[in-house]
Amino acid sequence: MAYYSRPASAGAARAQDDQDPYPYYPDPDLIVGSGANTSFVNPYEASGAASSASHTSPFSDAHAASASPASILPLSHQQVSAHAPQQQHMSISVDPRDGQQSRMPGLSESFYSQAAYALASPPPAAGALSPSAHLATLPEHSQAPLSGSVDGEYTYYSQSAAGHYSSLAHRHGQDDEDDDDAETKYSPSSAHDEKYAYDRPDSAAAGTSPFGRAAGIAYLQSPYAQVARNDDDDEDEDAEDPYRVLTRDSAFGGDNGQGYDPNSAYGGAGMAGPTGQFGDNHFDTQHFGPAPARGAQLRRHKTKKNVRLTKGNLILDCPVPTKLQTFLTRRAEDEFTTMRYSAVTCDPDDFASESFTLRPALYGRHTELFIAITMYNEDEVLFCRTFHGVMKNIAHLCSRNKSRTWGKDGWKKVVVAIISDGRKKIHPRVLDCLAALGVYQDGVAKNMVDGKEVRAHLYEYTTQLSIDSNLQFKGAERGLVPMQIIFCLKEKNAKKINSHRWFFNAFCPILQPNVTILLDVGTRPENKSIYYLWKSFDLNSNVAGACGEICAETKGKWGVGPLLLNPLVAAQNFEYKISNILDKTTESVMGYISVLPGAFSAYRYIALQNDEFGHGPLASYFKGENLLGADADVFTSNMYLAEDRILCFELAAKRGHGWVLKYVKSARGVTDVPEGLPEFISQRRRWLNGSFFAAVYALYHTAQFVRSGHNVWRKSLLVFESFYSFVNMCFAWFGLANYYIFFRILTTSLEDPTFKLRGIGVFNVFMQYIYLGTVVSSFIFAMGNRPQGSKWKYWAAVVVFALLTVYMMVAAVLCLSKVVARVEHDAIYAQMVVSLLATYGVYLISSLLACDPLHLITSFLQYLLLAPTYINILNIYAFCNLHDFSWGTKGDTSISADLGAVVSTSKGTVEITLPTAQADIDTAYDDALNNLRTRPMIIRGDASNAEKEARQMDYYKNIRTNVVLAWALSNGVLAAFILNGDAAGTFSDTGGVTRTKVYMVLVLIFVAGMACIRFIGSTLYLTIRLING
């Protein structure tokens, strides 16, 4: 037993000003004795005598301390030691032979959950005493002994009178291999006095260092530092809390010291100075010198082990990093301390039959909600935005204590599957995020198992931490709860629809969830959105699918932010708002929503099931996954660019059932929209082609609604909706001609003598040639250039069309002023005015009824200016690229060997190479945190182009040419027929009925009629929502 003493008044002084007036810095010279009997010198005794007792020590007799202990103390110690009051002795019991971890009686669980540990310096050379032998004080009111040992580290816990916890560790008997790379004393896993308080639990508070500190020292709880709050992130519940971020000056290999505040007197290289405050340069360098670069510390020692397969499958339970465990508030269950890896060697459809299973099923838990997050190569910011949004939603479910379904342990009923499309496509820093959360570990996965190719790598872990889009860690102190995660890293890139097949056909049959939710990385569900989606299924047993409101990310509150300064973002914001307010609500009332956005939608799992013959929604949904060449018609291939539309139709028209689809206004998901023109054009190419051919598919199979299990009233609404969709599709087909006809009529009408505009005829001819030339240029660009390679050409076309729109709007105002003046004398003019008022009045009134009118102010003008871009450029590019429907790399049949293989042995086991040392696992964890902090440049290999079969390309290009020819000719014929009349006399005072005048009236009435139908549907939706609460 080793005894040492301290002044009884020290604790009182510390409690008064939260600073220890008796800072104590241990030194090896305080250790005296010989052999197994080693004593610690009391630094407060001026005589240097030691209080001693027996203490088992690995140290030799070579160094009996003879130096005066006062010589190594800082000046403050030398000044106060003479004034030290009576001594009070505490005891610590340490038994290095004890291999079991023991706890001090009488201390609460919070003591151990809050105590941190620090790695000591390397062991001394032979015949030398260790410079890292530390002492720690126990509370004056406690005499209970404390002993502990974890893998050779003996931890001395201390608690000040003010209730501040700390700990020190002393290594004994470590391998030289591990000691060479040991972390410095103030490692990121230790807890010291913090410059900023970070809302610890009430059981412990931030306080002083275990030894006290000299003036000027500022410790950080590495790797965190306080930063200015970013109000762009929707973290309402954290508004009162300071933010924590990964600091660049942490113990992870930074240049400015080992976890110290670089602005303090002891930050940076000053800690390793030749003659520091602590005197001895060897002492300073041992404890506070700069750590070697992280890259030089990588050991990656792997050991070959024989592992018995589980029913023929490779399944490993891997311990999580030590540092991660110190952050956790729950450590009792295996799901928090081990990560489960499964090497899946079968097709998704055979997952259950090949004896694979999932952790929640092993625990016997019922899965109420199963959430799929699909991603491809998105970066860590988009991933964390989605991930943290889901975690906050799960926390809300657990806060509903009065719910029969949810409550305190509601997180056990929610499982989140993160499915990444291609191991070599995933963003490296997303893997760092998952590693920081404990979900992913490098070096575990394998390419082959007993001669079978691995199709997907499954990592299962229940995390208690989250990382938001600012890369700030959040945990239980922010009200978050654990989340069960299944990370499916597909070996090959096989498109998003294949990711959904893993979700629906592999994982769902194991967990049998009630409701499934589909999310894309980059979409952030707002705090209660997932609950509102789930509630729509709970209230109505006939609901098979539901979606929320998809909002464009504007980086501001109430949908108003700096991104609206980008006209592309503003136009998309207006488009999203009108679609949600008018289209989704109308379709919801009828019972069939043409598309539940894959970015944020929900489905009842039982409604998705196929019948006994294998026919049903999921069978139709996955039909187009492996279509190749001319064996697949162009309609089917393009249709599966909008695969979510197929799933919606198959649900609503399912034979013998009466499933309906609902829009849930309260469930909001915020998503990034393209900010650049090339990305915008490429995205809309997929959307337009997919939606067009999916609409053709739905119209062709309208009879399935009649054979469904809906009642007569619902069937009538569904048939009417099909007719409504057909009329809209026809109108959109002739959109290219309609816009040009209106431009030609409005501008040519200014040539009427009553306007008294000289030279306007010549100007109009010039503008009309500019218009037609831009349209022809758009065809040429679309046929021969990718938007990414012709960015400025496309921007020039967008600007020209916007200027032409301005001219057309000026002409429209002048013509409208004349129309208003002649309303009483000409019925046709009156119909024009009424149609225009009805169209724009619907936008205004419906937005006001929905309590969401801001988009009319912030985004309407931008949408008008970009309207010709939507009608001309986007449609031209989409139709001219019907042959391009691929999402990824088809035909990728190569087998990678970079992860290694699992080889069978003669003893019925397999030989596998794994990182076994805990230090290697911990080092990999530190690397992940370091990568998130520094964000190193990602170097990707050259993208390989997928090989296309000649007949496949010929077939699709031939279809493309036929469709474009039919579309262009039909629009040209319509324009020529209408404009063959007297366009200049459309608004003439002479009156009379002309072809152009009749055409304008019919188009305006049609647009107004469609708007009124949507307005009626929107109003009915709001009424039903109000009645149902």
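From the backbone N, Cα and C atoms, a Cβ is placed for every residue, glycine too.
According to Swiss-Prot, the protein carries these features:
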type	residues	note
COMPBIAS	46-71	compositional bias 'Low complexity'
COMPBIAS	76-91	compositional bias 'Polar residues'
COMPBIAS	191-202	compositional bias 'Basic and acidic residues'
CARBOHYD	Asn37	N-linked glycosylation site
CARBOHYD	Asn401	N-linked glycosylation site
CARBOHYD	Asn514	N-linked glycosylation site
CARBOHYD	Asn527	N-linked glycosylation site
CARBOHYD	Asn689	N-linked glycosylation site
REGION	1-29	region 'Disordered'
REGION	46-105	region 'Disordered'
REGION	168-209	region 'Disordered'
TRANSMEM	723-743	transmembrane segment
TRANSMEM	760-780	transmembrane segment
TRANSMEM	796-816	transmembrane segment
TRANSMEM	830-850	transmembrane segment
TRANSMEM	860-880	transmembrane segment
TRANSMEM	963-983	transmembrane segment
TRANSMEM	998-1018	transmembrane segment
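Projection of Swiss-Prot feature records onto the structure.
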residue: Asn401; record: N-linked glycosylation site; DSSP (3 states): coil
residue: Asn514; record: N-linked glycosylation site; DSSP (3 states): coil
residue: Asn527; record: N-linked glycosylation site; DSSP (3 states): coil
residue: Asn689; record: N-linked glycosylation site; DSSP (3 states): helix
Checklist entry - Which one, from the glycosylation sites Asn401, Asn514, Asn527, Asn689, has the smallest tally of other C-beta atoms lying within 10 Å of its C-beta? => result Asn401
Checklist entry - Do any residues of this chain, six or more beyond the ends of the transmembrane segment (860-880), have a C-beta under 8 angstroms from a C-beta of it, and if so which? => result 567-568, 570-571, 574-575, 681, 684-685, 688-689, 692, 735-736, 739, 774-775, 778-779, 781-783, 787, 794, 797-798, 801-802, 804-806, 809, 843, 960, 963-964, 967
Checklist outcome for this item: Same-chain residues at least 6 beyond the ends of the transmembrane segment (963-983) with a Cβ under 8 Å from one of its Cβ atoms are 733-734, 736-738, 740-741, 744-745, 748-749, 779, 879-880, 882, 994-996, 999
Item to check | Tertiary contacts of the transmembrane segment (796-816) (same chain, 6+ residues out, Cβ under 8 Å) | outcome: 677, 742-743, 746-747, 749-750, 755, 767, 770-771, 774, 777-778, 781, 833, 836, 864-869, 872-873, 986-987
Item to check | Integer Å distance between the CA atoms belonging to Asn689 (N-linked glycosylation site) and Asn401 (N-linked glycosylation site) | outcome: 47
Item to check | Between Asn527 (N-linked glycosylation site) and Asn514 (N-linked glycosylation site), the C-alpha gap once rounded to whole angstrom | outcome: 21
Checklist entry - What is the interatomic distance between the Cα atoms of Asn514 (N-linked glycosylation site) and Asn689 (N-linked glycosylation site), given in whole Å? => result 33
